[in-house]
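K.L.:
What follows is a single structure, and I will ask about it in a moment.
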Amino acid sequence: MTHKQRAIFEPALVRTALLDAVKKLDPRVQWRNPVMFVVYLGSWLTTLIWLDILSGHTTGSAMFTGSIALWLWFTVLFANMAEALAEGRSKAQAASLRGVKKTSWAKKLSEARVDAPQEKVSADSLRKGDLVLIEAGDTVPCDGEVLEGGASVDESAITGESAPVIRESGGDFSSVTGGTRVLSDWLVVECRVNPGETFLDRMIAMVEGAKRRKTPNEVALTILLVALTIVFLLATATLYPFSVFSVEASQAGSPVTITVLVALLVCLIPTTIGGLLSAIGVAGMSRMLGANVIATSGRAVEAAGDVDVLLLDKTGTITLGNRQASEFLPAPGVTEQQLADAAQLSSLADETPEGRSIVVLAKQRFNLRERDLHSLNATFIPFSAQTRMSGVNVQERMIRKGAVDAIRRHVESNQGHFPPAVDDLVASVARTGGTPLVVAEGSRVLGVVALKDIVKGGIKERFAELRKMGIKTVMITGDNRLTAAAIAAEAGVDDFLAEATPEAKLALIRQYQAEGRLVAMTGDGTNDAPALAQADVAVAMNSGTQAAKEAGNMVDLDSNPTKLIEVVHIGKQMLMTRGSLTTFSIANDVAKYFAIIPAAFAATYPQLNALNIMQLHSPSSAILSAVIFNALVIVFLIPLALKGVSYKAMSAAALLRRNLWIYGLGGLLVPFVGIKLIDLLLTALNMG
């Protein structure tokens, strides 16, 4: 689904966000953000002091106290609005998904047969394990697995892809998603979820930012911010008795007021990152959805940013896929036509692009027409990840084709001999980056079919970028080591796993994790499920099986394996945004310190005027300028929090240096300029 990226300050979103920001003033909502809760309490306290001054019970400047109270409320509202804007974008996405979810009827079957007795029931009443018949024109009532039949399915409501897809029993394209529509033929489907647990329900829940759980890094950062807040709270609280004692000892000036202390506390605690932290997390999930990837939690997005090993399937990710048969290379004593005949027979029921291309090449080279497997009384042997070969049993002939090691075992188990000349042919094809497919009949090796693999344009440069970021790329392929090595060298990956089985892939993930690395991978088949469940970031293809989608912690609606690289970029961007704004927020304190400390204590200690390096007009304008800047900086940083900081492929050390210069130095200098400009404006308006 190509989700339209909404403008940050779109009028409809802003109106809703303003209303939500006011609703969030409820203390039951505010206490969830400890830093902003302190500002919230300070707002109430200064408001009560202002009302007390107006009633005549307390002396002080009503104008100054009222202005401080007003801008403290603005600080809380701006932080609420940042979160509300992020949630508003997610809610808009969730609303569009809800539009897909319609009340529909289902044809419930008593058993898994197309002609079984059926009962018309509401889709909402279906439970896990129920069997349904879905015919042309019907909406798929639940997420499930196809047990019988095959059909063309329109998944545009979920994926945004207008071209229909084929869903059929068996293989890796047997799962259907509730809310999609069958265009032709029929399917018998077993429901795999209960109501409220469908993929569409999970998508809606995932993009509902208000209901998301905090990620581990977010929790850790919140603890740090709370600790800083407590330190500054204790420091500020001790200033009042210190001020009273100083005035009595020096017989000069007057004690610092509660209003000034509240202003000082609010300016010193990390309100900028405290106000934007939740918005950054919600926006990260939203950006992931914008890339057509559904993450099960913010934890998954965050883990993507920490990944340092990518396991990438060769076919479809590194190469274009759809390998094409290019040449028949017969073994000694075998003619090319004999090899082509056997290869075509073994591929007649093979619906893979490779199998189709073998049939076509045999036609083109020797005018071998397709033959009907049923009329030949043939039994097709499907490919499996364990045997790594397929074939056909026909008229006493046992033909197999597959990877060289698989055919070698097959031939030797039938008391045959694997000719060294065929090993040479295999090596020759592999050295050129092709994939050798060995064909055998019984215990006799007939030769090799050469399959061509084309590496995607620009993929080498993308891997070079990942290397700069400290991410190791590992190509996963079922090819032999020579072929894998040739393609790995051409694509520029760091390592490869050849002749991969599900067990080998799982073992490799565990090996990297034992070294303290975080691993990301993609998968679409049931055989990928164990590895997907083990990986730290597991992106399942939407076109894949239900088992793969349940094992992963992300689902790519476009079913594009290359998307894994983009997922890592989005995760890193979210972590960088959080870190950059934290640096900026803490660096801000320095300028506010130079503004407020002289203003608060210079009357008692005139020597502190030396710290007034900005030459602010008066103590009241200095304090008010710092409070106003503290509020406005949240507004100016909302776009950055929602869009994310600009991301460039470079090492972690280089990124740290770059962000310290931009956000650390920027956080030091910008407040000096901003506070001075606000002070000049207040003075011009006679408000200082």
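The backbone N, Cα and C atoms fix where each Cβ goes, and this holds for glycine too.
Swiss-Prot lists Asp313 with the feature active site, 4-aspartylphosphate intermediate. Feature annotation from Swiss-Prot assigns ATP binding site to Asp350, Glu354, Phe383, Ser384, Ala385, Gln386, Thr387, Arg388, Met389, Ser390, Lys401. Residues or ranges marked as Mg(2+) binding site by Swiss-Prot: Asp524, Asp528. Swiss-Prot lists 34-54, 62-82, 219-239, 260-280, 594-614, 622-642, 662-682 with the feature transmembrane segment, giving sequence analysis as the kind of evidence.
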K.L.:
Looking at the binding-site residues listed here (Asp350, Thr387, Lys401, Asp524), whose Cα lies nearest to that of the residue listed as 'active site, 4-aspartylphosphate intermediate'?
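P.N.:
Comparing Cα positions, the candidate nearest the residue listed as 'active site, 4-aspartylphosphate intermediate' turns out to be Asp524.
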K.L.:
What residues elsewhere in the chain lie close to the transmembrane segment (622-642), defined as a C-beta under 8 angstroms and at least 6 residues from its ends?
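P.N.:
Same-chain contacts beyond the flanks: 8-9, 64, 67-68, 71-72, 74-75, 78-79, 81-82, 85-86, 89, 260, 263-264, 266-267, 271-272, 275-276, 279-280, 283, 286, 577, 581, 584, 588, 591-592, 595-596, 598-600, 612, 614, 616, 670-671, 674-676, 678-679, 682, 687-688.
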K.L.:
At the Cα level, what's the spacing in Å between Met389 (ATP binding site) and Asp528 (Mg(2+) binding site), rounded?
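P.N.:
Distance (Cα to Cα, whole Å): 18 Å.
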K.L.:
Looking at the binding-site residues Asp350, Phe383, Thr387, Lys401, whose Cα is closest in space to that of Asp524 (Mg(2+) binding site)?
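P.N.:
Closest candidate to Asp524 (Mg(2+) binding site), judged by Cα separation, is Phe383.
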K.L.:
For Lys401 (ATP binding site), just give me the three-state DSSP call.
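P.N.:
In the DSSP reduction, Lys401 (ATP binding site) maps to strand.
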K.L.:
Measuring Cα to Cα, tell me the gap between Lys401 (ATP binding site) and Asp528 (Mg(2+) binding site) in whole angstrom.
P.N.:
23
K.L.:
Between Phe383 (ATP binding site) and Asp528 (Mg(2+) binding site), find the distance joining the two CA atoms and give it rounded to the nearest Å.
P.N.:
15
K.L.:
Cα-Cα, whole number of Å: Asp528 (Mg(2+) binding site) versus Thr387 (ATP binding site)?
P.N.:
16
K.L.:
Can you tell me which recorded stretch out of 219-239, 594-614, 662-682 has the most Cβ pairs within less than 8 Å of the transmembrane segment (260-280)?
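P.N.:
Of the candidates 219-239, 594-614, 662-682, 219-239 scores highest.
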K.L.:
Same chain only, sequence gap of 6 or more: which residues have a CB within under 8 Å of the CB of Asp350 (ATP binding site)?
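P.N.:
Residues satisfying the criterion: Arg356, Ile358, Val359, Phe380, Phe383, Ser390.
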